[in-house]
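Visitor: Okay, handing you the structure first.
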Amino acid sequence: MSRALAPGAYLVLDLAVTEAAGHRPGDVARAAALHGVGTVQVRAKLAAPGAFVEAVVEVARGLTGTGAALVVDDRVDVALAARSRGARVDGVHLGQHDLPAADARALLGSDALIGLSAARPDDVRRALTDPAVDYLGVGPVRLTSTKPDATVAVGFDRVRDVSADARAAGRPVVAIGGLGAEDAGVVRAAGAHALAVVSAVCAHPDPGAAAAALVTAWWQPATHLVAVAR
Ligand SMILES: Cc1ncc(COP(=O)(O)OP(=O)(O)O)c(N)n1
Ligand SMILES: Cc1ncsc1CCOP(=O)(O)O
Ligand SMILES: [Mg+2]
């Protein structure tokens with residue numbers, strides 16, 4: 001059985017964004033986890049495979065003793081290679097064009113944490129009936145330069161609709177794309193289980209403080225919220 005996805009703040013640690021801000025991936029991951037981020041995903045769209053594996057190993061080292069889960073974006077082979085170097089890697093986050101979740105499950109094991117991006121109705125339906133998928137990533141909620149291939153923003157309404165269907169199917173939803181601590185209340189009220197960010201933490205001069213702000217905002221009582229989505 002997979003480990004449960006932690007509710008609240010989810011960090012997508014993008015290597016390029018992190019390094020451009022002058023941070024070390026292991027330090028950012030550790031600071032975020034020590035401030036309450038429950039899941040760290042390593043994303044490296046431009047890195048060579050070897051550098052991607054090294055970054056995952058470094059992040060795993062940074063997460064030692066924190067209890068945060070570590071997942072790898074897209075690449076099951078990178079996750080397996082990092083494991084074979086002794087890193088604790090919990091799973092992968094797959095896109096619609098990556099290895100099918102069932103194959104990832106077969107390779108990573110029954111206790112692996114496997115996420116799948118799904119926002120379009122057909123993709124959501126497939127994801128929710130796929131027993132290999134533990135959670136859904138829904139986005140981009142807003143257009144963002146961190147995801148330049150996405151040309152349509154799904155918006156908070158979609159987060160709410162997918163979250164309702166996913167809840168009925170017993171799967172958590174992670175909202176992502178153009179989000180920050182100021183969105184935590186709306187994302188949570190829309191029914192999402194977690195809120196994922198890249199820039200809000202990785203590009204921040206103080207990633208630990210940014211992660212802490214995200215965690216605090218998520219768990220803040222929602223009494224001030226007037227309306228959510230519709
Ligand atoms: C939590 C989470 N949700 C969605 C995504 C996007 O994944 P994908 O569609 O594979 O796009 P890339 O991140 O690979 O550009 C994600 N990474 N994490
Ligand atoms: C990986 C990904 N998937 C959808 S949007 C996105 C990037 C989110 O980055 P940011 O939090 O900087 O907008
Ligand atoms: Mg991906």
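Heads up, the Cβ atoms here are built off N, Cα and C, so glycines get one too.
Because TrEMBL annotations are produced automatically, they should be read as predictions rather than curated entries.
Take a look at what TrEMBL says about it:
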type    : residues                                                 : note
DOMAIN  : 22-201                                                   : domain 'Thiamine phosphate synthase/TenI'
BINDING : Gln41, Val42, Arg43, Ala44, Lys45, Asp73, Ser117, Lys147 : 4-amino-2-methyl-5-(diphosphooxymethyl)pyrimidine binding site
BINDING : Asp74, Asp98                                             : Mg(2+) binding site
Visitor: Take every residue in the domain 'Thiamine phosphate synthase/TenI' (22-201), average their pLDDT values, and give the whole-number result.
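Guide: Mean model confidence (pLDDT) across the domain 'Thiamine phosphate synthase/TenI' (22-201) is 98.
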Visitor: Taking just the CA atoms, what is the gap between Ala44 (4-amino-2-methyl-5-(diphosphooxymethyl)pyrimidine binding site) and Asp74 (Mg(2+) binding site) in Å?
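Guide: For Ala44 (4-amino-2-methyl-5-(diphosphooxymethyl)pyrimidine binding site) versus Asp74 (Mg(2+) binding site), the Cα atoms are 9 Å apart.
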Visitor: Can you list which of the binding-site residues Gln41, Val42, Lys147 have their Cβ under 6 Å from some atom of ligand 3?
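Guide: The qualifying binding-site residues: none of them.
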Visitor: Ligand 1 is in the model; which of the binding-site residues Val42, Ala44, Ser117 have a C-beta less than 6 angstroms from one of its atoms?
Guide: Ser117
Visitor: Of Arg43, Lys147, which of the binding-site residues has the most Cβ neighbours inside 10 Å?
Guide: Arg43
Visitor: Around Asp98 (Mg(2+) binding site), which residues of its chain at least 6 apart sit with Cβ under 8 Å of its Cβ?
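Guide: Looking at Cβ-Cβ distances below 8 Å from Asp98 (Mg(2+) binding site), excluding near sequence neighbours, one finds Asp74, Arg75, Val76, Val92, Ala104.
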Visitor: Using a 10 Å radius around each Cβ and counting other Cβ atoms from all shown chains, which of the binding-site residues Val42, Ala44 yields the largest count?
Guide: Val42
Visitor: Same chain only, sequence gap of 6 or more: which residues have a CB within under 8 Å of the CB of Ser117 (4-amino-2-methyl-5-(diphosphooxymethyl)pyrimidine binding site)?
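Guide: Looking at Cβ-Cβ distances below 8 Å from Ser117 (4-amino-2-methyl-5-(diphosphooxymethyl)pyrimidine binding site), excluding near sequence neighbours, one finds His93, Leu94, Gly95, Gln96, Asp123, Leu136, Gly137, Val138, Gly139.
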Visitor: Does any of Val42, Lys45, Asp73, Asp98, Ser117, Lys147 have a Cβ within less than 6 Å of an atom of ligand 2? These are the binding-site residues; tell me which, or none.
Guide: Lys147
Visitor: Give me the long-range Cβ neighbours of Lys45 (4-amino-2-methyl-5-(diphosphooxymethyl)pyrimidine binding site): same chain, 6+ apart, Cβ under 8 Å, in sequence order.
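Guide: Looking at Cβ-Cβ distances below 8 Å from Lys45 (4-amino-2-methyl-5-(diphosphooxymethyl)pyrimidine binding site), excluding near sequence neighbours, one finds Asp14, Ala16.
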Visitor: Around the C-beta of Gln41 (4-amino-2-methyl-5-(diphosphooxymethyl)pyrimidine binding site), how many further C-beta atoms are within 10 angstroms, looking at every protein chain?
Guide: 27
Visitor: I need the least crowded one of these binding-site residues (Asp73, Asp74), counting other C-beta atoms within 10 angstroms of each C-beta.
Guide: Asp74
Visitor: Does DSSP put Arg43 (4-amino-2-methyl-5-(diphosphooxymethyl)pyrimidine binding site) in a helix, in a strand, or in coil?
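Guide: Where Arg43 (4-amino-2-methyl-5-(diphosphooxymethyl)pyrimidine binding site) sits, the three-state DSSP reduction gives strand.
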